[in-house]
Amino acid sequence: MTDEGLDRENGGLASMDSIESRWVFQDEDDSEIDSADRNTVDGDGDLTPLNGMELDSDDEDNAEQKLIRTGPRIDSFDVEALEVPGAHKSEFEDVSAGRTILLAFQTLGVVFGDVGTSPLYTFSVMFSKAPANGNEDVLGALSLVLYTLILIPLVKYVLIVLWANDDGEGGTFALYSLLCRHAKVNLLPNQLRSDARISSFRLKVPSPELERSLKIKERLEASLTLKKLLLMLVLAGTSMVIADGVVTPAMSVMSAVGGLKVGVSGVKQDEVVMISVAFLVILFSVQKYGTSKVGLVVGPALFIWFCSLGGIGVYNLIKYDSRVWRAFNPVHIYYYFKRNSRKAWYSLGGCLLCATGSEAMFADLCYFSVRSVQLTFMFLVLPCLLLGYLGQAAYLMENHADTTQAFFSSVPSGAFWPVFLIANIAALIASRAMTTATFSCIKQSTALGCFPRLKIIHTSRKFMGQIYIPVMNWFLLALSLVLVCSISSIYEIGNAYAIAELGVMMMTTILVTIVMLLIWQINILIVLSFIIIFLGLELTFFSSVLWSVGDGSWIILVFAVVLFLIMYIWNYGSKLKYETEVKQKMSMDLLRELGPNLGTIRAPGIGLLYNELAKGIPAIFGHFLTTLPAVHSMIIFVCIKYVPVPVVPQNERFLFRRVCPKNYHIFRCVARYGYKDARKENHHTFEQLLIESLEKFIRREAQERSLESDGDGSDSEEEYSFSRVLVAPNGSVYSLGVPLLSDFRDIGKAVMEESTSEELRPGTSSESLVSDAEQSLEKELSFIRKAKESGVVYLLGHGDIRARKDSWFIKKLIINYFYAFLRKNCRRGIANLSVPHSHLVQVGMQYMV
């Protein structure tokens, strides 16, 4: 059966269809404060128009409890945010020198494996597009590589982009989270003003003097098109990161194993492919052992690899031609393009491969500190890479024909097999760099509502950012095997690699530019220089690789497009579902008419009703009332919500509010998590933390009521004789002298349980009032403990959405098939709490959108 709910939106009435709703939603004209002629009370006790200001309340018809006040106070819904112990610190802050060195050593095996193995294939791919016809071509190609390596990994990422981290978290979604914190650009309308009081927000509010920052902020918040465009940029960048996690293992392993052709002349390409497949299976099988463990094991191997690169480079410089140092003169780039013209332009895609893994330095930042990454790159990785490329160029100056396996051909014959072994180990390690970055990006995008929920395993008890996602691990393995088997040439794989790298690099450049303008608030000339230099450079590279997309590298573009569609459809469906639930939420007046027993039997115990609404009473609760013979004596609406911060401190985790008068025993709890938080509590621990936080909330609420009552008693009765009344949204008239959060009975219309005149009546002792308040507090706490002893039951409402019959065909296709398929196969949110089936009650509900 379908009921029509009325919703006030943009000044008009909109109807929404809800299947199996068994009550009539009342006109929200009686429950919403939405015009300037309705008044509230500001912090100074004066009457002030709302003017559309967003309130952190379940429903504005609850205003007779929220708005009755006589002096400055703090909203009861924000009580938990008062206890801020200080700014939450990153887990890598204030670490000792020894710890920094250990982290720097671990970064070798996790962050720099990808960029460290680029000498295996960079020159080979470059000279496959533009063959070296003389020493000047070698010098020109070397000069291109040197300046690409200096500009992109060093200047852009190490010196600039790493500082745009979100409290130690890197990647495209970390940048998006940072922007969401400073401007309301998140499309999901579940933001609360109280979220900004979380200590780890660390906001830098734009100052009035910087009009540019304010104008950008206002423009972003006012334009829905810009919000969607920003989200699409983030999703495109993330899809490229995941695509990078597919092509990196294929490229690294294939190029390392390909060295067998140099050491053993009889080895065929099919045998190289088979060995590469075996190595890839081994690689993804050990992924589950975690970053810290693997980083400590493979750190020494990468250290030996970088030392080998530097050593081989020095050897070749001494033996062949030390004059390659001339390549640091950029004029050789001009001569290179002048001689080769279009072929030189084609070779740019291969040149970019020297910077592969640059995005991994940023995306894997959650595993390590900024300082450790910077120190390792500048004092070990970069010098060894420069020496390695200089040594290869010195060898090629005298051996122009050996460009197909430039690296292995330049290795001294006596050291070939040890170097071959360490190169393969390094390639396997390098493949993990983008895999771990992919895991981080997926977790961030899941927390921000842009990716279906997957099982996430935290591999470290010390560092929450170190995770493993089994489904994605095997998914990446399968696609890497398909890529290796279908495109056996490293030149075509290299072109696909460059496409994936450039896609995420360009998105990062745009997002960091917005961060510079909105958050860093630096000189506009610096911002313009950054975006012109780096975006112009990346677009030039991108034009080169797109020209060769027909060689087979189009596969990676198709894969990235599919990932983008998955994320966009999930975000679109989740947003539509949330907005529909907001419009269909239950009327507070209807709930009050049912009375404290809610029209049914209240059985002993606590019912935790999970829903996604941060405000209001979910429609699914009415469905429970009409389908169950009894409900629990205490109901808590629990909303698991991710806020745009990496970590929410435990003492700021839960946010409570009374939904109805005290004798209803109904509360709302918003459990807030950062996108880096690990939800590893079992249901017993979660229940214990929730009840403790609820008791703390009730005590603070009673303390607040007592303080306001004292303030009322100190005023003269004469002050209440004029202009001290408030007309609530439901038409009831109350005296502003009534203490905050007083209890109300439902007799026809809501009337006050006690009047102010009774409290202020001569002869009433303040001691008796205090005693009554203490008795009331202890009585409620005792009720909670008894309800807890009777048991806790999880009430799960599965709300699904279906497109209405008159919807467009594309909308029906997306909602009824694609989004429904993703929602059916994603991980249920309750799975994180490991709740036994005996404690679960599930009811389904379907909305027509």
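Here the Cβ of each residue, glycine as well, is placed from N, Cα and C on the backbone.
According to TrEMBL, the feature compositional bias 'Basic and acidic residues' maps to 1-10.
What TrEMBL lists as domain 'K+ potassium transporter integral membrane' is 103-589.
Positions annotated as domain 'K+ potassium transporter C-terminal' by TrEMBL: 604-847.
What TrEMBL lists as transmembrane segment is 101-121 (among others).
The feature transmembrane segment is assigned by TrEMBL to 141-164 (among others). Long-range contacts of the transmembrane segment (141-164) within its own chain (CB-CB distance under 8 A, at least 6 residues past either end) are made by residues 115, 122-123, 126-127, 130, 132, 170, 175, 178, 324, 327-330, 332-333, 336, 347-348, 351-352, 354-355, 357-359, 361-362, 365, 370, 373-374, 377-378, 382, 385-386, 389-390, 393, 505, 508-509, 511-512, 515, 530, 533-534, 537.
Within the chain, the transmembrane segment (229-252) has long-range Cβ neighbours (under 8 A, six or more residues past its boundaries) at 113-114, 117, 120-121, 171-173, 175-176, 179, 185, 187, 220, 276, 280, 283-284, 356-357, 359, 363, 427-428, 430-431, 433-435, 437-438, 441-442, 445, 450, 472, 476, 479-480, 483-484, 490, 493-494, 496-497, 500-501, 503-504, 506-508, 510-511, 514, 556, 559-561, 563-564, 567-568, 571. If you look up TrEMBL, you'll see 229-252 (among others) marked as transmembrane segment.
The transmembrane segment annotation in TrEMBL covers 296-318 (among others).
Per TrEMBL, transmembrane segment is recorded for 344-363 (among others).
For the transmembrane segment (375-395), the residues of the chain that approach it from at least six positions outside its boundaries are 100, 104-105, 107-108, 111-112, 115-116, 118-119, 122-123, 138-139, 141-142, 145-146, 149, 153-154, 158, 303, 306-307, 309-310, 312-317, 319-322, 324-325, 327, 354, 361, 402, 406-407, 409-410, judged by C-beta separation under 8 angstroms. Per TrEMBL, the feature transmembrane segment maps to 375-395 (among others).
Positions annotated as transmembrane segment by TrEMBL: 415-434 (among others).
Per TrEMBL, transmembrane segment is recorded for 471-491 (among others).
Residues or ranges marked as transmembrane segment by TrEMBL: 497-518 (among others).
The list of residues near the transmembrane segment (525-547) in space but at least 6 beyond its ends in sequence, with Cβ under 8 angstroms from a Cβ of it, reads 151-152, 156, 160, 345-349, 351-352, 495, 498-499, 502-503, 505-506, 509-510, 512-513, 516-517, 553. Marked as transmembrane segment by TrEMBL: 525-547 (among others).
Packing against the transmembrane segment (553-570) from elsewhere in the chain are residues 232, 235-236, 238-240, 242-243, 246-247, 445, 449-452, 479, 483, 486-487, 492-493, 495-497, 499-500, 503, 545, 814, 818-819, 822: each is 6 or more residues past its ends and has a CB under 8 Å from a CB in it. The transmembrane segment annotation in TrEMBL covers 553-570 (among others).
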Other parts of the chain folded back onto the transmembrane segment (471-491), taken as Cβ under 8 Å at six or more residues beyond its ends: 121, 124-125, 128-129, 242, 245-247, 249-251, 253-255, 258, 269-270, 272-273, 276-277, 280-281, 284, 287-288, 435, 438-439, 442, 454-455, 551-553, 555-556, 559
Leading stretch by Cβ pairs under 8 Å, where the reference is the transmembrane segment (415-434) and the options are 296-318, 344-363, 497-518: 296-318
